[in-house]
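Copied over from Swiss-Prot:
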| type | residues | note |
| --- | --- | --- |
| ACT_SITE | Cys156 | active site, proton donor |
| BINDING | Asp277, Lys287, Pro304, Asp305, Ile306, Ile307, Phe323, Lys338, Lys342 | CTP binding site |
| REGION | 1-188 | region 'Phosphopantothenoylcysteine decarboxylase' |
| REGION | 189-390 | region 'Phosphopantothenate--cysteine ligase' |
Amino acid sequence: MDKNKHILIGICGGIASYKSVYIVSSLVKLGYKVKVIMTQNATKFITPLTLETISKNKIITNLWDLDHNEVEHIKIAKWAHLILVIPATYNTISKIASGIADDALTTIISASTAPTYFAIAMNNIMYSNPILKENIKKLKTYNYKFIEPDKGFLACSSNALGRLKNEDKIIKIILNEFNQKDYLKNKKILITASRTEELIDPIRYFSNTSTGKMGFCLAQEAVKLGAQVTIITGPTNENDPEGVNIIKIKTAMEMYKEALKIYNKFEIIIGAAAVADFKPKHIFNSKIKKNKINRLYIKLVKNPDIIQHIGHNKLKNQIVIGFCAENSKNLIQKAKEKLKKKNLDFIIANELKYFGSKLNKVYIINKQSIKELPEMEKSEVAKEILKILY
């Protein structure tokens, strides 16, 4: 644990503000250097003197507390190795998402490149507001991180989603951020992701419901661990992960050709794409008119199996990981068969029902063992999968 890290705590105005005292106190006791910014509304719930005593630093409550001769807001933004906003309110989240910097907290966040966490706490109706959801989604694309609230009793007397996550869990999340190591430093990883689209005519195609989220989570987490990542992706609505070289394709053949051109340059290949098994043998030159056809027969031909080709042609020190999606009844058996048939080092087995979901439940399988993971967010699944590489 690196005790030389600096943590900036931003406290917003909400009934959960008082819980920040425990978090600041705990981080100081652990040896971290902690500074606190409070919004004006936060000072209505808890006194700055309390936080000043605990943090052993002057509390900033507005821009005029800063020494402008030193461009202090920039100095503090650079000082922070991590920013935690707690409780993150509807107002503050929305201001940051809109690029508004009208107080000390929003100004410093706007000038910082440090990992920034928003620990959300608010009324359940406010939390479900679509405007807030869009703002959170927007901020996530810029790598802001969110500690989602729990269900519990709220200030409005409702028992609903919106209660600040347990303080010890928040502290654990912060410590995990600092404890990340470059376990995959300079490792070259190739990942295939999302679905492919096989044209029937100029506007219609065969495809599936894969979103690419699992592959993109793997790419993002691998970058955090120091890897050099290239992702070959089919169509997706996922945001491009930062620090990743991205190759975009549409069809299975395009993915196959791109993968074969470069896979021997990588130490690790992960086939997370849901590649179409078949494609139309012929593509209609123009849109098919239903008024001219009573029955339509389309002859299909097999697409090449990308990960199988790589598995059987891998270099001596390459690790090849595949994915297998099946119904739960035959999942493990089918995965074992594919592991052997495709000459893979590992295969990740998951049920079909998780296609298009933010969650996943997988089994990590190799020749010697089967590791079952509980249902969890795909970003967490990605972390667990990557652990097999170090």
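For all residues, glycine too, the Cβ spot is worked out from N, Cα and C.
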Rounded Cα distance, in Å, between Asp277 (CTP binding site) and the residue listed as 'active site, proton donor' is 53
When the recorded positions Cys156, Ile306 are compared by other Cβ atoms within 10 Å, fewest goes to Cys156
A correct count of other C-beta atoms within 10 Å of the C-beta of Asp277 (CTP binding site) gives 14
Pro304 (CTP binding site) and Cys156 (active site, proton donor), compared by Cα position, are separated in whole Å by 58
Expressed in angstrom and rounded to a whole number, the CTP site built from Asp277, Lys287, Pro304, Asp305, Ile306, Ile307, Phe323, Lys338, Lys342 spans a maximum Cα-Cα distance of 38
When each of the binding-site residues Pro304, Phe323, Lys342 is scored by other CB atoms within 10 A, the minimum falls on Pro304
Spacing of the two Cα atoms, Phe323 (CTP binding site) and Cys156 (active site, proton donor), in whole angstrom, works out to 46
The residue listed as 'active site, proton donor' sits from Lys342 (CTP binding site) (Cα to Cα, rounded, in Å) at a distance of 57
